[in-house]
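Below: the structure, in structure tokens.
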């Protein structure tokens, strides 16, 4: 792997920390330095711009990255000092057999204790995690506590992932994005997946899901979690299926239960659980154009039909909650019957499952387990709003987490664009987190460059949604970049953008000279036709004419300051 710090850093940026009510609550932000504005009267300084930062310690000059050692245990003291946890021996077979460089006994809630952020919020406690996200979001900590207590927001924070920097998912906060990584049976390695993790958080992924289905699933996930400053999500049914040789009919509750515990002990922060795919919903998909497109949903459907039994994730849901609340693993209720084509959008199967997800949400909340709801999928623009409204009604305001949605099916190779259109719209309507889509969607396993394109595309969609919702901190960066653009501060334009390297690269293709970084034009219009340069001249003339008129008024009025 190339030098981590070099590829994680951003130009003209430095890591700064905002301290909370205690010395160990230090919230990272990226501060972008700006050049001064040049005026006829001299230079006027521009204040640096602070932006939300997901890069973790990797961009801290005092931190020495080493993937074999992992990250500092940021939250360990917060977790232990509450007095609700104890160290245990690994319960899972894989956990006991693992011989990895991260030697650590897993934590679990003490008997009779609950360790979820929702539990503490309901008790009126503002945890350090809540204060941390409040500073990040520039919002009052009490609002954070209230939203988590009501189930309208979640802070994914497994007690066995103390390396993670707390973040919040909810409609009152910044729209978040998730990036999917993970190996397959035919591609990738542990090193590649860790590199994709770092690449994803470098570009702004708020959470990362490890969807590995190939070899060394346990080991790959361990390296990802130990080196991740953001919450990690999984789909446990994938690993459970691997344990039974890839044959869905051989799945059992016991195999799945052990997988839940194994992943919870490792530190997985949220798990997609397809408990809403009920036996009697499966026939509703028969006449669909694209059937069941969710991997987890299709696995469960195959099991249900083979045994002609109800989904064991549905029948054992109370037990799932009992397990996960011991580690503060949030549940992401999977949309196993989501539409996989525009033709199937908003159909009976999709909304039948959504109603069940609402029932399961209430059960999870009774256990103080944090919940978010997964959503589609492939939805034409005119049907997007209904999805948000139904989810809010049926699922009692729980955060909505959607894959896109793609608004058309005709653009393989460009589905990061077809889905970002839908993502921006659904985010503006109130979706809390957007799962990215890369250009490789429907075509193959994404590589490092695909991850970059997918994350940046979805940061655009999420930010556009924040602007539409009127988030108080959203427009600061836009205004700073617009000002830099009008003043021809090219380097500041690049540095304020979501992808500075790409912006600089495109500019320098035609105007590579350093002198071009102060030119009052680009290659699009040239020096004679630049509208902003012409606007500068217009403003200058108007101001001059205005000053002349004021001077004439002064003379006509007797040249006296006092009348």
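Including glycine, each Cβ sits where the backbone N, Cα and C put it.
Now, the feature entries from Swiss-Prot:
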BINDING   180, 209, 238, 274, 294, 295, 296, 335, 336, 337, 338, 374, 401  substrate binding site
BINDING   378, 442  Zn(2+) binding site
BINDING   522, 525, 530  [4Fe-4S] cluster binding site
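Across the residues annotated as binding substrate (180, 209, 238, 274, 294, 295, 296, 335, 336, 337, 338, 374, 401), the two Cα atoms farthest apart lie 20 Å from each other. Taking a C-beta cut-off of under 8 Å and a sequence gap of six or more, residue 338 (substrate binding site) has these contacts in its own chain: 293, 294, 297, 350, 374, 375, 376, 377, 403.
Minimal Cβ crowding within 10 Å, among the binding-site residues 378, 442, is found at 442. Residue 238 (substrate binding site) has a Cβ environment of 20 other Cβ atoms inside 10 Å.
Around residue 296 (substrate binding site), taking its Cβ as the centre, 23 other Cβ atoms fall within 10 Å, counting all chains. Residue 401 (substrate binding site) falls within a strand when secondary structure is assigned with DSSP. Residues near residue 180 (substrate binding site) in space but far in sequence (CB under 8 A, at least 6 apart, same chain), listed by position: 208, 209, 211, 435, 436, 446.
Packing around residue 294 (substrate binding site) is summarised by its Cβ count: 24 other Cβ atoms lie within 10 angstroms of its Cβ, all protein chains included. There are 32 other Cβ atoms within 10 Å of the Cβ belonging to residue 336 (substrate binding site).
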